[in-house]
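S.K.: Dumping the structure here so I can ask a few things about it.
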Ligand SMILES: NC(=O)C1=CN([C@@H]2O[C@H](COP(=O)(O)OP(=O)(O)OC[C@H]3O[C@@H](n4cnc5c(N)ncnc54)[C@H](OP(=O)(O)O)[C@@H]3O)[C@@H](O)[C@H]2O)C=CC1
Ligand SMILES: CC(=O)[C@@H](O)[C@H](O)COP(=O)(O)O
Ligand SMILES: [Mn+2]
């Protein structure tokens, strides 16, 4: 029996992780969860799984749940609650499916506690990949990718030698606006942006797919997970989201992982690794698909992808700024405060105005993250009001 602690239990990845646990109760026990503000769904999860520990974002919500579930679950709150969930003594596997850079510190604590990490939260590696991967190596803790592209690459690399890799090829659907020109993006609505062509995901990552920042974050994530230089990480536009990513080897072979666009496949692979267990995910009918399309990326069309490569290559605190500025701007867009194309303008402004620190330690990363949020928030107020 694997004990699982789960951050982001009420979200898109979190609920799909719970689906897998529900279907495999002989293999997995949900021992601890952290959620944000969705108390209704949290109550349902507690009633079904009786996790020993539950953490919610706010203290006031914790007090409400503690009254309701006294004797069933211990209820905590805030950043400390996230850490207590991550290191719960009955958990062997820590699934990080929380949104944003708030996922970083719990991951580091879980590594210190020797937990196997199943990582969906891409902000962890974008902001502090050098620290996270070094600590995981020191503690001999596996970091198993959940993100579909990284799971695909991880699967392609099973049994392969690192020295034989020529390049990683990450696929991108193109997001909600892949058929629009930049001029057509000037006045797009929130609803249009949230309409992803292939995947059903949380709001923030769906906007990131539309701006192509998601692919930028994934390039940085791949750099750290697979220890590859940026020159050996390519992105291809692939409309079907059927090939989830590929690895080219130096003998000219390309190995790809294919499957229907269903996150339960990569989540379950991380939960059961090194086993591969059955799912009832829709099967791919390649004859029905007929043709797969691949196109070069246009870095002028997708400026956020260019920013991410630049921030990744220059390194230091620049990826922290890239991520924090993006988190603030996407939230501002979702709140109707800025237009879609202003997301990338403001991220560019934040990167240009940052003097990077090389090889930052954790305290520096956390303070640059916080400062960037404050600076960008002020900039948005002064620019648009
Ligand atoms: N969705 C997908 O298919 C994929 C997602 N990812 C990555 O996985 C992560 C999660 O994405 P997704 O599931 O889409 O996001 P969602 O927005 O659907 O879910 C986010 C989860 O995090 C919780 N949360 C947010 N902020 C806090 C906080 N401060 N404290 C505690 N809990 C918090 C939310 O709680 P609540 O709702 O209760 O407020 C919710 O449970 C992201 O890093 C994303 O990039 C990667 C690959 C695919
Ligand atoms: C499901 C998943 O892993 C997402 O990150 C997905 O990749 C989004 O699709 P695009 O970013 O390719 O549009
Ligand atoms: Mn992905």
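Counting begins at 1 with the first residue displayed.
Cβ from N, Cα, C; glycine included.
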S.K.: Could you look at 74, 115, 122 and say which one TrEMBL places alongside 148, 149, 173, 196, 209, 214, 215, 218 in the 1-deoxy-D-xylulose 5-phosphate site?
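M.R.: 1-deoxy-D-xylulose 5-phosphate site check in TrEMBL: besides 148, 149, 173, 196, 209, 214, 215, 218, the record includes 122 out of 74, 115, 122.
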S.K.: Going by the NADPH site in TrEMBL, where 10, 11, 12, 13, 36, 37, 38, 121, 123 are listed, which of the candidates 202, 216, 252, 259 is also part of it?
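M.R.: That NADPH site, as TrEMBL gives it, pairs 10, 11, 12, 13, 36, 37, 38, 121, 123 with 202.
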S.K.: DSSP secondary structure for residue 12 (NADPH binding site), reduced to helix/strand/coil, please.
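M.R.: The three-state answer is helix.
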S.K.: Take the Cβ of residue 10 (NADPH binding site) and count every other Cβ within 10 Å, whichever protein chain it belongs to.
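M.R.: Other Cβ atoms within 10 Å of residue 10 (NADPH binding site): 22.
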S.K.: Going through the binding-site residues 10, 12, 38, 122, 149, 218 in sequence order, which have a CB under 6 Å from an atom of ligand 1?
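M.R.: By the Cβ criterion, which requires under 6 Å to ligand 1, the hits are 10, 12, 38, 122.
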S.K.: Residues with Cβ closer than 8 Å to the Cβ of residue 147 (Mn(2+) binding site), same chain and 6+ apart in sequence?
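M.R.: For residue 147 (Mn(2+) binding site), the qualifying residues are 119, 120, 122, 218, 221, 266.
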S.K.: Sequence gap of 6 or more, Cβ distance under 8 Å: name the residues on the same chain that satisfy this around residue 123 (NADPH binding site), in order along the sequence.
M.R.: 100, 101, 103, 104, 217, 323, 327
